[in-house]
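Below is one structure, written out as structure tokens, with a few remarks after it.
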Amino acid sequence: MSLTAGVVAVQGDVEEHATAIERAVSAHGREVTVHEIRESGVVPECDLLAMPGGESTTISRFVHSEGIAPELRDHVAANKPLFVTCAGLIVASSDANDDRVEELGLVDVTIERNAFGRQKDSFEAPLAVDGLADDEPYPAVFIRAPAIDDVGETVEVLASWDGRPVAVRDGPVVATAFHPELTPDSRIHELAFFENEDASVPTLTEST
Ligand code: GLN
């Protein structure tokens, strides 16, 4: 059975996420159709989802005004994998520390937006990430990245930079402050969708 994936497509690296999802899924011997999510009604069709970076205030407004927010909550409540990056993490958090962001409360973390500086301070760091398929450091690209200040009891920290968590897992949700879709290394997408024991991607045996 082919999988169905969705990428929230208000702004940010939508195509890059779609490509990384295709790469991750094919590394696991499966096929996938990726939909861009611009309206309600698509999320319920999806086995797995990604919400890219961009501007968290804009993405927050969009997912609420289009009726996508409750569908994202239902997806996570059904234990299906959701991968959120950068601004996607801010919107999915439980506290973005910014009144202009209406948090989805899907990752129990408190956020400091732009904690690692402005656009010109973008950087790449070799990151040790728990749960990857091998021990090679992950080339993490940070662009006006948020930091995670506080994590709830259900949250597992997968990686930290400068003493602050930058990759976490909360049940079926994996979140990074950096941008794994911007490198050809799809190990974090694989971790979010296939090596996340807390999430369920339907398997061939379940569907046949
Ligand atoms: N700084 C952005 C925000 O706070 C996030 C940046 C990004 O997604 N690359 O919304």
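In case you wondered, yes, glycine gets a Cβ from its N, Cα and C as well.
Unlike curated records, TrEMBL annotations are generated automatically.
Summarising the annotation, TrEMBL assigns active site, nucleophile to Cys86. The Cβ of Cys86 (active site, nucleophile) lies under 8 Å from the Cβ of Gly12, Pro52, Gly53, Gly54, Ile143, Arg144, Ala145, Pro146, Thr176, Ala177, Phe178, His179, each of which sits 6+ residues away along the same chain.
If you draw a 10 Å sphere around the CB of His179 (active site, charge relay system), it holds 24 other CB atoms from the protein chains shown. What TrEMBL records for His179 (among others) is active site, charge relay system.
Positions annotated as active site, charge relay system by TrEMBL: Glu181 (among others). In the three-state DSSP classification, Glu181 (active site, charge relay system) falls within a helix. Within the same chain, the residues at least 6 positions away from Glu181 (active site, charge relay system) whose Cβ sits under 8 Å from its Cβ are Asp13, Glu16, His17, Thr19, Ala20, Ala50, Pro52, Thr85, His189, listed in sequence order.
For Arg113 (L-glutamine binding site), the same-chain residues that are 6 or more apart in sequence and have a Cβ closer than 8 Å to its Cβ are Ser56, Ile90, Ala96, Asn97, Asp98, Pro146. Reduced to three states, the DSSP call for Arg113 (L-glutamine binding site) is coil. What TrEMBL lists as L-glutamine binding site is Gly54, Glu55, Ser56, Arg113, Ile143, Arg144.
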Among Gly54, Glu55, Ser56, Arg113, Ile143, Arg144, the record's L-glutamine binders - longest CA distance, Å: 13
Other residues, Cβ within 8 Å of Gly54, Glu55, Ser56, Arg113, Ile143, Arg144 Cβ centroid (L-glutamine site): Gly53, Cys86, Ala87, Ile90, Asn114, Pro146
Set of same-chain residues at least 6 away whose C-beta sits under 8 angstroms from Glu55 (L-glutamine binding site): Gln11, Ala87
